[in-house]
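Shown next, in structure tokens, is the structure this report addresses.
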Amino acid sequence: MSRSKSSGRWLQEHFNDQYVKDSQKDGYRSRASYKLIELNDKDKLIKSGQTVVDLGAAPGGWSQVAAQIVGDGGRVVASDILPMDSLAGVDFVQGDFTEEAVLEQLLELLGEAKADLVISDMAPNMSGIADVDQPKSMYLVELALDMAKTTLKIGGSFACKVFQGEGFDELVLACRECFQKVLVRKPSASRPRSREVYIVAKGYKG
């Protein structure tokens, strides 16, 4: 399919998408908010008063949901290489968290506290070529898992977007080594033809 036809199909799907319409009505910054809402409904990831780290946070759909649930007694520390408009209850650091200066900012915001939950909806810029896109996406997931190991408290949780393909089974095994329970979820808001799924890992072993 030509790129123009593919782009046209995406635009048509986007404007007809019920989750896009709902996000505009409900005041969420992206349809991705509903993915986290569903994951949380099923797996009870976020609780009032918790500390949450959101990686790849822009435009802020997941941070919005997390901040609403943790409330005034909790906090959300978010990061992205892209800018993000400020959100109540969210401390945002712009930059690549694999760079030492950015990581230090994030850890400084966390202070003595460890995170209860690390979430990541990161995805690379897709070329449409699976052999190119899959390694890029797996690299981002591995970075997110490393960050979770750095910041999570014992018993904490991790939720991360991943695309099924080469490296997926190995990633699930890697998560099982450091978490007590690992699930693979496909939220309703994930487009059916997408290879996108979410790993939900609970009970960080340390």
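Glycine residues also receive a Cβ, built from the backbone N, Cα and C atoms like all the rest.
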Listed co-binder of S-adenosyl-L-methionine (same site as Gly60, Trp62, Asp80, Asp96, source Swiss-Prot) among Asp41, Asp116, Asp121: Asp121
Mapped DSSP class for Trp62 (S-adenosyl-L-methionine binding site), helix or strand or coil: helix
Other CB atoms, at most 10 A from the CB of Lys161 (active site, proton acceptor): 22
DSSP-derived class (H/G/I helix, E/B strand, else coil) of Asp96 (S-adenosyl-L-methionine binding site): coil
Binding-site residues compared (Asp80, Asp96) - the one with the fewest other Cβ atoms within 10 Å: Asp96
